[in-house]
Every structure is written in C-alpha cells, then in structure tokens.
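Novice: Quick one: the structure is below, and I'll ask about it shortly.
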Amino acid sequence: MLDQRLVRDNPETIAQQLGRRGKAVDLTKLQLIAQQQRDLEQQRSGLQAEGNRIGKEVGQRIKSGADPKGDEVAELRQQGNAIKQKVAVLEEEEKQLSSELKQQLLGFPNLPSEACPDGRSEDDNVEVRRWGTPRVDDGLYEHWQIAERLQLFDTERSVRIAQSRFVTLMGQGARLERALINFMLDLHTSKGYREVLPPVLVNSASLTGSGQLPKFAEESFRCAEDDLWLTPTAEVPVTSLHRDEIIPADQLPLRYAAYSPCFRREAGSYGRDTRGLIRLHQFNKVELYWFVHPDHSDEAHQRITADAEAVLQALELPYRVLDLCTADLGFSARRTYDLEVWLPGAGAYREISSCSVCGDFQARRSSIRTKEGKATKLVHTLNGSGLAVGRTMAALLENGQQSDGSVLLPKALVPYVGRERLQPE
C-alpha cells in the first residue's frame, strides 16, 4: 500500500511514478480524502490543546483557593466537557475517512523502482544474462507429448474428477513431482532458509496484506461461507506469518522456503497453454520469501534471484534472466527479475520464476515493522519462486528427451527419483 503522506504531500510524484506503469491515474479523490483527514487532524489537535489548557486552568484556580464545586470551576469544566465531545466526533470522522482512504489506496499498485527499466509492454523487458546452452535439435517433442508416451499424467480423467486445466500425476510423474519438491526444499534449507508448510486456505486479511485483494478477487477460488480462499501462492500465508508484528532488527533477515499447492482461476488465459503443465488451476510451487531491513533490500533482491537460479543450474536447465520493465511489473513489486527456462520442444523460453522486491508495500498493508532502539520502521519484503514445480518438470522432460523415447534426468535429481532416466512402463 502506498504511503498516505506521500499521496497527500506529493501527489504529482505519485502520479508520475504510477504513470511509468503505463496507466494514467487520477488521484483527485485520494487527495480530497487526505486533505479532509489532515484538516480534521488539525481541528482535533487544536481542540485537544484548548482542552489541556482548560484542565490546567481548573487546577491552578483550585490551587489558588477557588471552590472546586463553585460556578467558576464548573463553567470551565463544562467547557472542557464540550471540547471532549467535539474531539470524540472528530475522531469518529477521522476514523471513517482513514478507512475510506485505506480502501482507495488498496487499489493502487506499488511504485516502480528508479532502477526499473521503463517500457510499454513485455517486449521492453531487458535481458540481463543467460546460463547454459539451449538445445535446438530438430524433431523434439513438447513436454505433454513426452508425458503421454511415458504415462506421467492423466488429463482426461482429471476433467472427469474436476474440470479442464487440472492434471492427475501418475506413476513416474507423481514420483518426479515429489522428488522435485524435496530437492528444491533441501537445496534452499542447506543455504539457511527455514522451511515452512503453511495453510492452503487463507483469510481475506492475508490476501489483502500480500496484495492479491481487492484487485485479484476474480482470479482466486473462494469458500465464501467461511471467508477463506485457496491460496494462489505461498507468498500469501508467509507474508502474514508476521502480520501485525514488530521484528527486532537483530533477527533480520528472516528467510523462508515454503512449499504449497497453489490455486488460480487463470482468468483471461482462455485458449492459452491448454495442454500439459504450463497453465493449471492447481499446481505445486516452492516459494522463497525474505523479510529484511530497508537498507538491505536491493542486495537481498540479487541474492534471492541467485538462489532461484541455483535450482535451474543444479538441474542443468538453460535459462535467461529478464529485468521486467515498468509495464510488466506485478501489482506488489517495485522491481522484478523473471527467470525463463528453455523449452526445446516448444522452441521458446518460458517463465519459471519471478523474483521481486516489494519495498515496504506489503509490510504497510500487513503492519510488519522492525525496531532499532526506540524507533520503528516498516520492513521490506521479497519473494521468488524457487521454483514452480510443474514447469520445472516440463523443462526436464523437454531438455532430457532421448531418441529412444526415454528422458535422461540430471545427476542431482537421481538420488531423489531413484533412477537415472524415465522410461515407458
């Protein structure tokens, strides 16, 4: 959430920065509410100062010999009580305005970092680096074709069980999925991450804190009777691990690695990636999440990105890193590096991780602070996929496919799967 003071005092700057995202914004209503709130604050402060003056005067007059029950003191006390009533009315009006302002602010995305490249679409994303040599053999199959031959998952029966865009992993496919989850968690915890297995159902406050609500309500699955939602990413519950908390500065950074099934409606993606594991309503993901001191968030962004890259490197999967332009940034992000893995069957790079620094945007929405001495300030948060498991499986199938129909697995994964290659059963 944006800082109310910035909106009130520097609306031109806010409008300019949000404009870098490629959308014109109208802050008129926000400014009006913020100014009304400021006027009420000044009125209340003036009345409270007058009330304090009257209270002191009552004490002084009694000390000077005035009758505590006399008309002179009674009149002053009556004035003081009248002021208290006015203050109470103003406080209620302030409370209502504050709530209205917050609801308005919840709909605005984060301000992009100054370092974030400007752009109008994903075509303006900037490639930072590549790793590995992309395989470009002729006659390679896409992952869903390989999976059909190896009987790794069953989509037809999944439609019967649920609907389209669900998949039931079978046999070697289920084993490979489980192996990837364990491999990713082991790799991250070996680097000091604390493993988390959060609830899959989260409340509205959690989704609001991380930035999914109110903007993305239609893209999430909801259990309306209980005010619970199926989490779209472990970023949501992990953000709320420390909601409404003050984290001592000497405990930062906090680094978590959280496995969770994720659920998304994928609204607006009709007709895209209809086969295979790329775009599903339910998928597994290992999420990396950092709570850091504000002074260290840029450094942490490089580190969390490197930790996500380490998974791809260990699995010998070629990839590239993109610095997303302002128009392609996610709602809560100040700056994002996308990792795109090479899929030789599809002949394209596809997103497999987004590593974002969110500044104090989520911390303000979730009231997560740190304390140094007597001063408190909002922490900064970062998140990144480490990795999306289904897309990782797709990349392994396409990059490891052999002419005999088998799939050769990377050495790092063999102990987890218990075999060197996947073959028709």
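The backbone N, Cα and C atoms fix where each Cβ goes, glycine too.
The L-serine binding site annotation in Swiss-Prot covers Thr233, Ala234, Glu235, Glu287, Ser385, and the record cites sequence analysis as its basis. Feature annotation from Swiss-Prot assigns ATP binding site to Arg264, Arg265, Glu266, Glu351, Ile352, Ser353, Ser354; the stated evidence is sequence analysis.
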Novice: I'd like to confirm something. Which of the binding-site residues, Thr233, Ala234, Glu235, Glu287, Ser385, has a Cα closest to the Cα of Ser354 (ATP binding site)?
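Specialist: Going through Thr233, Ala234, Glu235, Glu287, Ser385 one by one, the Cα closest to that of Ser354 (ATP binding site) is Ser385.
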Novice: I'd like to confirm something. Which of the binding-site residues, Thr233, Ala234, Glu235, Ser385, has a Cα closest to the Cα of Glu266 (ATP binding site)?
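Specialist: Nearest in space to Glu266 (ATP binding site), counting only the binding-site residues, is Thr233.
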Novice: For Ser385 (L-serine binding site), which DSSP three-state class applies?
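Specialist: SS state of Ser385 (L-serine binding site) = strand.
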Novice: Near Ile352 (ATP binding site), which of the binding-site residues Thr233, Ala234, Glu287, Ser385 can be found within 10 Å, Cα to Cα?
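Specialist: For Ile352 (ATP binding site), the binding-site residues whose Cα atoms are within 10 Å come to Ser385.
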Novice: Tell me the Cβ neighbour count for Glu351 (ATP binding site), meaning other Cβ atoms within 10 Å of its Cβ, over all protein chains shown.
Specialist: 15
Novice: Among the binding-site residues Ser353, Ser354, which residue has the largest number of other Cβ atoms within 10 Å of its own Cβ?
Specialist: Ser353
Novice: Should any of the binding-site residues Thr233, Ala234, Glu235, Ser385 have a Cα within 10 Å of the Cα of Ser353 (ATP binding site), which are they?
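Specialist: Neighbours among binding-site residues, in sequence order: Ser385.
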Novice: Taking only the binding-site residues Thr233, Ala234, Glu235, Ser385, which one has a CA atom nearest to the CA atom of Arg264 (ATP binding site)?
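Specialist: Considering only the listed binding-site residues, the nearest one is Thr233.
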Novice: Including all protein chains displayed, how many Cβ atoms other than that of Arg264 (ATP binding site) lie within 10 Å of its Cβ?
Specialist: 20
Novice: Given the binding-site residues Glu235, Glu266, Glu287, which one's Cβ is surrounded by the fewest other Cβ atoms within 10 Å?
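Specialist: Least crowded of the binding-site residues Glu235, Glu266, Glu287, by Cβ count within 10 Å, is Glu266.
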Novice: Could you tell me which of these binding-site residues, Thr233, Ser385, has the greatest number of Cβ atoms within 10 Å of its own Cβ?
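Specialist: Output for this query is Ser385.
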Novice: What's the longest C-alpha separation between any two of Arg264, Arg265, Glu266, Glu351, Ile352, Ser353, Ser354, the listed ATP-binding residues, in angstrom?
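Specialist: Between the most distant Cα atoms of the ATP site, 19 Å.
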